[in-house]
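Pulled from Swiss-Prot:
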CARBOHYD  Asn111  N-linked glycosylation site
CARBOHYD  Asn128  N-linked glycosylation site
CARBOHYD  Asn177  N-linked glycosylation site
CARBOHYD  Asn202  N-linked glycosylation site
CARBOHYD  Asn230  N-linked glycosylation site
CARBOHYD  Asn242  N-linked glycosylation site
CARBOHYD  Asn328  N-linked glycosylation site
CARBOHYD  Asn375  N-linked glycosylation site
CARBOHYD  Asn417  N-linked glycosylation site
CARBOHYD  Asn424  N-linked glycosylation site
CARBOHYD  Asn425  N-linked glycosylation site
CARBOHYD  Asn479  N-linked glycosylation site
SIGNAL    1-17  signal peptide
TOPO_DOM  18-557  topological domain 'Extracellular'
TOPO_DOM  579-613  topological domain 'Cytoplasmic'
TRANSMEM  558-578  transmembrane segment
Amino acid sequence: MTSLLFAFSLFLSFSVGSIFPFSTSNGPAVNDTLQNAIRSQRDVSKPIPIDRVGFSGVSLSSFFESEGYSSDSLSNLNGLLKENVDGVMIDLYWNEFTSKWQLCPAPFPNNITYTTASNRIVDVSWNNKTYKCDPNLSTDNIMSILNSFIRDTNTDVEANFMHVMYNLKSIHYEKSNQTISLENIYKEKNSNLNVVGMDTLNDTVSLLSSYIFTPTLLKQYQSTSNKYTNSSSSIRYIDSLNETQAIQDFYSQSTILMPSLQTVLLTQYKRLMVHVVTNDMAESSRSYQISSSDKDTIFFNSDLPASIFHTDNASADELCYELSDAYNRTDVNIAEFNKVSLNATLRLVVDDDKTPFTTKSLSKYVRCGYCPIFNSTEYSSQKVTEGNSSIISREFASNLFWSWAPGQPSGPDNCINCTRPTTNNTSKHSDDNGEEEEGNNIAYKCVALTEEGWEVSNCYEKYLFACQNKLSRNEWKLNNSTKRNYFDIDDDDCPEGYFFSLPRSNIEMLSLMTTVKQENVNYPIWIDLNDITVENCFVSGGPYAQCPYQETVTTDKFVRMIAPSFVVAMVVLVLIFIEKVFRKTPIQTNRKRYWKKAIQEYYAKNDYEGVPS
């Protein structure tokens, strides 16, 4: 019975493990290297204004066009969000017949019955095009997925900042005698009919309202920051500036004063912005009128301009060429880089089926300040499931980072195509007797800049090191005659007004790489980034900088962790209780009765009085 009980408990533990898994991921598992790259680039960018923090996004139009306008077409979205896709571009249509915002580009005939059944696909036509649309599909389907992802990642370690981008369009018709028949077909006849769609722009994102960084919050921040600037107008000496103050001072010169990623994400606990990046609504008396409530929630071009470029023309490449060649024999054209760094603009580059992104073009766009939006229908051709990552992740994961080289961050054993020194540049160190001897120490804990990007390198190697101007973030100095190992680098090794630092944005990164070309020095070059104190927690501030994170377990994760063990333990206790109370061993029962009867018969035959002699 005991062996049977053990076997049953073992079987039950496996069964419960399948019911209450430790991981409840509904999408592909993100590998550790990619996760570390995402988190470390986010951490490095914390002091940078949120509009200049790079991100990548997807256009949902490509999903809808290839699979139809239904909730099934959104099945890949959750998986993409886990793969470093932080933006969602949505084409939103104002239906002039119903006065509703909808996702389908065509109006629905008024004889369609609206039911709660999901995926009820119908063929609808408009402007000589036919679409497959679900009348029940609305922006709530998209926002529910975003809301679920935000709640699952709402910790200091996992939280990222996201963007919802609207392209506003119209389902428009000209009012005339000939259009009366159109109104009879598409205009709702029953005012009590529950037509799917949203009345206002604000309603389209209402599910995410508690997570949205709004124009109202921006105005409050600007008001507070202006008061602080006015109250602290005393002259600061350069030497007294810490890095955070230096970054704030530089970006306070921007065309629009924006808060940092640190302020929005980890102080105000806001996770996304909503932008109207294009407004192509037809001018009409039936057109949607943007309200003050919309303006309080959603960013328009008057609040934060958006510039959209397309891969099918050369306009996006012009800026990249200008910045890459912004140097001559004597110096780097810092003004060109500062003009981009201080211009508060959302720069987007969108591809298509004819000119999709390549790994080379994508890296170029990301490095020169663009946010790529994947719009080609080939990205939606394959389902994203557990163990089956998206095409974007498989082909472009390494190219979505302006910082890390492909395959990084990773140690020497797992590194692919890493730049490793071919000569022994390890430093000398003193032994216990104070004598200097050649060191053979190896510690792949420090980060160096290579031609491909950042790489984890041996801290004891002697490289050049990057010195950044405290007051001008795009101005760098590289002393070609001085090499140090990471532990020996000090701010005093940099020229006056400069300090040992690292790029914190794509433009700062490009300005440093341009300086390398202008000064004609060799890679690798040390930057102020390491994971010495805690593995895979990359921090700046020298070798003694501390990791800001502690291992945290959310309530949901804790419940999932203990549920299998708790259920198994309870079942085992119940079985033990049943065994003790209800079960009797027949052999033991018979033995007890036999000896009791034998003793009674013995005393009956040998009944004494007194003490036997």
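Quick reminder: no glycine exception, Cβ is built from N, Cα and C everywhere.
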Number of other Cβ atoms within 10 Å of the Cβ of Asn128 (N-linked glycosylation site) across all protein chains: 5
Chain-internal residues near Asn375 (N-linked glycosylation site), provided their CB is under 8 angstroms and they sit 6+ positions away: Val58, Ser59, Ser61, Ser62, Met89, Val350, Asp351, Asp352
Asn479 (N-linked glycosylation site) - helix vs strand vs coil (DSSP): coil
Sparsest Cβ surroundings (other CB atoms within 10 Å) among the glycosylation sites Asn111, Asn202, Asn242, Asn479: Asn111
Cα-nearest neighbour of Asn202 (N-linked glycosylation site) within the listed glycosylation sites, Asn111, Asn128, Asn328: Asn111
Rounded mean pLDDT for the residues that make up the topological domain 'Extracellular' (18-557): 87
Reduced DSSP assignment, Asn202 (N-linked glycosylation site): helix
Packing count at Asn328 (N-linked glycosylation site) (other Cβ atoms within 10 Å of its Cβ): 9
Nearest-integer angstrom distance between the alpha carbons (Cα) of Asn328 (N-linked glycosylation site) and Asn128 (N-linked glycosylation site): 55
Between Asn111 (N-linked glycosylation site) and Asn242 (N-linked glycosylation site), the C-alpha gap once rounded to whole angstrom: 67
Between Asn479 (N-linked glycosylation site) and Asn242 (N-linked glycosylation site), the C-alpha gap once rounded to whole angstrom: 22
Cα distance (Å, whole number) from Asn242 (N-linked glycosylation site) to Asn128 (N-linked glycosylation site): 62
For Asn128 (N-linked glycosylation site), the three-state class that DSSP assigns: coil
